[in-house]
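Undergrad: I'd like to ask you about the structure that follows.
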Amino acid sequence: MEGALTARDRVGIQDFVLLDSYTSESAFLDNLRKRFHENLIYTYIGTLLVSVNPYKELGIYTKKQMDIYMGVNFFELPPHIYALSDNAYRTMLMENNNHVILISGESGAGKTESSKKILQFYAVSCPRTSLLDNVRDRLLLSNPVLEAFGNAKTLKNDNSSRFGKYMDIQFDFQGEAVGGHILSYLLEKSRVVHQNHGERNFHIFYQLVEGAEDGLLRWLGLERNCQLYRYLVQGQCAKVSSISDKTDWRTVRKALSVIEISEADTEHLFGVIASVLHLGNIRFEADARGYATLNSSTEMHWLSKLLGVHVQVLREGLTHRKIEARAEEVLSPLTAEHAIYARDALAKAIYGRTFAWLVNKTNESLANKVRLSSDYTVIGLLDIYGFEVFHVNSFEQFCINYCNEKLQQLFIQLTLKSEQEEYEAEGIEWEAVPFFNNKIICDLVEEKHRGIISVLDEECLRPGEASDLTFLEKLEEKLGGHPHFVTHKLADQKTRKTLERGDFRLLHYAGEVTYCVVGKEHSSWQSKNSIVKHCFPSIEPDSKKRPETVATQFKSSLAGLTEILMSKEPWYVRCLKPNNSKQSGCFDDVLVRHQVKYLGLMEHLRVRRAGFAYRRRFEVFLQRYKALCPDTWPHWKGKPADGVQRLVIHLGYRPDEYKMGRTKIFIRHPRTLFATEDAFEMCKHKLATKIEACWRGMQARKERERRTWAVKVIKRFIKGFMNRNQPVCVDNAEYLTFVRQNYLIRLKENLPKNLLDKNTWLTPPPIMQEASRILHHALKLSTGATYEILFPECNSHHLSQLQLKSLTSALFKGKKESYPQSVSKPFVATRISKEPFGKTVLEISKLNVLVVKYDRNGFRPRQRQLVLTQAAAYLVEEAKIKQRVEYGSLKGVSVSHLSDNFLIIHVSCDDIKQKGDLVLQCDHLFELVTKLSMLANKASAIKVVQGSIRFDIHPGKEGFVDFRSGQETMVYRAKNGHLMVVSVPYCNSATINAFGGVHRPSRHIQYYNANMFTIPMSTH
């Protein structure tokens, strides 16, 4: 974090604690604005994270970003919600205690998205197994379900949470997520029956109508048109461009199955949701006496079916009120106005209790079913509304703001407590911090017998006619004179003009809020719908016990939440919205100032800055700034505390500017840290120059040493070379050692592959001739012994055949059709009689074989003999050499993949006098090509080709031999001038050349027109 201070004029300060004018709201806003315009939406106040909604994608929530923040010190990297999440997680593991992350802010500030980012971070960063992946999926998919049933479009936000949510994520001792639990607070049930202009009901209603399957809609008695349902059209914006209800419906259906809500429960759940829509369409008319009558028979039919309640019971419940007097029950008819109120109250009660049922079912799915409860720690996520101040503030805003008062009280207590504990642990004297204690406001709301909630309970439950005005009069009677409470009657002349007669005003810690008084009512019956039966049990608690009002229930649940939060280590995320128009890059100072005030950020900053603005462990502080003092640079070998003391004395810190704790240094003023950081920034340039000079010097010394060494080696090498033929002495000993090593290394890489390979043994230098002879002999003995072990009955001739056949297999197996038939035929040294040649020629030749040579021009066949020697191949006619092909000029040999016996020998033609390539036909094709490749040592130059083979007639002119399969073997010159070779698949044919039949010279040859000639088959 300290490294970012150098750019503070442009991008602001990453931690408000280091803000010099920490009491100035303008300085606070200016820092927020700078960072917002640089797309830096996160800023710290100590460990509290301030988040400004950017209203655009920033690319800072990728898997790569998660990896960067995993296991990193909180202040080591720029502020991020991943940093807070990771530090809460690691602290929980190290200290084995429970933590909670409190997320608050206005609607549209990004609270829900922040909680999602935290859950996604834990889903990626925690250890993973198949079981844990299942838990992780349920945790993540519980969000879309609760958002569908608890979120709605408002004027400020298209996906506004209309309930408070507290989620516990349970971890085992290894840090694996093993379960979870959710608590919900204060669902905005009034939204079910009424929406302001530009707002919608809860998402699930629109998802059901727009996305449900046709069969499901028919079963629910619904049509695919939101305009038909009164509860969905009051805001006049049933369709929103940024919301895809059909897509969200599919997500919710999938999520319901993942969190293990059965198909039967899912049907009943949608039945309850549909019943609310039908209930909203029920209309009442007044009879002659003014009592309510029902004429919506269709809606009553569907309502009865979906809720599992008899039509007559529903009719009585909607048009009559039950009055109990001693042992009697009397039904009193309702007026049409009261019946509408009862209908809406019923709709709210059904939806509210169904939402509670859904949360309980989700908790059953998230429950840790593997380990005992004592085996895990938790990180809680509290996603709760910030202060709400509207033009008209109702009972729900009163509860929300009361909740924020309690959380602010807890917030200040825990912050002061953590600060005081840190000071005491470090041995620093604690200084009293002045702050506004809002206990007086909390008592105003919740105090027994005198608080607003107690007065409301009494008015709701006392006999006789209770109204809004009687409630207000009771408040004036009990709370008159309270400094934070005022009504139209109690106000002075100036204030009275801003209050209506039915209003009261509370002066909260965040500012004044004016409330209108309201009341509540609900009803219940016997039902066959399993969810309705669960939500409205037939046997209610003891009716003699005084029932709790909604306000008292909320007060009790808030007390429970406070108890939960007090038992955990808190972390805070405060979300701000920069503007009301949801535009990226737009920063509304007035709106943001309002939120900063209502979220108590300045109050928190004052508490954090009351003592020392900056604190760091000695090791961290010394490691960063040790270069500023000669005594601590480059390495301090004493205790870190002593090194820090020496460093701050050298920097000129005054005694009142810092304190030395037991493990940390405390710096009182940000300007002291800024001056230190600026000095370090200047020092870095000097250090960089010194380091560069040292590095260059070291490299130069290394280069000089390397060159000196090279000169000595080269001198010794030259002297050794000059004396290489002399007896071993000081001058040539090193050189001769190098020669021996080099020869042995080259010999190792070029050993003969077999016994017959007699020409690849490397020529040794003079000093290694004797050693070379011994090694060569040893290799022969070793290789021969290996063959004797593997083939004890084989002689040298058999071994030679085996090697040749092995090479043939490598060249042709799986490539040429006729290869399998050649395997059983042994290779010999000659295939012709001794008469045409002298004895000497036969002794030096490696193979003599009859071939048919085809002229390069015209393709006339001519019988020849091919003689292979150690140095060259000779094409001979009656002991007269017609062409000599040296192996050095041999470019390659090409054969077709079919069953023919043709080969083309490609030779280099360096000048125009040289003859071109040879087109030959040989009955012993495999033997000829194998021995030719071995003698020329060019096995890689043998090519088996599919299709045509090109050859050089003479330099600059080329010809082609085409190959194909047919029913009869033929060789002829085609109309395109190519030599055409037709062969029958080997299993059905006999090999025929231009002069004979199968494996012997043919008897005759017949020519036809178009230069075609056919070769008749000869018999065996």
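Glycine too: its Cβ is placed from the backbone N, Cα and C atoms.
Dumping what TrEMBL says about this protein:
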- Gly105, Glu106, Ser107, Gly108, Ala109, Gly110, Lys111, Thr112: ATP binding site (BINDING)
- 12-681: domain 'Myosin motor' (DOMAIN)
- 801-985: domain 'TH1' (DOMAIN)
- 558-580: region 'Actin-binding' (REGION)
Undergrad: List every residue in the same chain as Thr112 (ATP binding site), at least 6 positions away in sequence, whose Cβ is under 8 Å from its Cβ.
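TA: In sequence order, Glu147, Asn151, Asn159, Ser161, Asp383 meet the Cβ cut-off.
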Undergrad: Over the span of the domain 'Myosin motor' (12-681), how high is the average pLDDT in this prediction?
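TA: Mean pLDDT, the domain 'Myosin motor' (12-681): 82.
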Undergrad: What's the number of neighbouring CB atoms sitting within 10 A of the CB on Glu106 (ATP binding site)?
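TA: Other Cβ atoms within 10 Å of Glu106 (ATP binding site): 25.
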Undergrad: Once the chains shown are all counted, how many other Cβ atoms turn up within 10 Å of the Cβ of Gly110 (ATP binding site)?
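TA: I get 24 for this one.
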Undergrad: Counting Cβ atoms within 10 Å of each candidate's own Cβ, which of the binding-site residues Gly105, Gly108 comes out highest?
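TA: Comparing the binding-site residues Gly105, Gly108, the most crowded Cβ belongs to Gly105.
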Undergrad: I need the most crowded of these binding-site residues: Ser107, Ala109, Lys111. Count other C-beta atoms within 10 angstroms of each C-beta and give me the top one.
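TA: By the 10 Å Cβ neighbour count, Lys111 comes out on top.
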Undergrad: Starting from the Cβ centroid of Gly105, Glu106, Ser107, Gly108, Ala109, Gly110, Lys111, Thr112, the recorded ATP site, name every other residue in that chain with its Cβ within 8 Å, sequence order please.
TA: Asn53, Asn157, Ser160, Ser161, Gly386, Cys575, Lys577
Undergrad: Counting by DSSP, what is the helix, strand and coil composition of the region 'Actin-binding' (558-580)?
TA: 9 helix, 8 strand, 6 coil
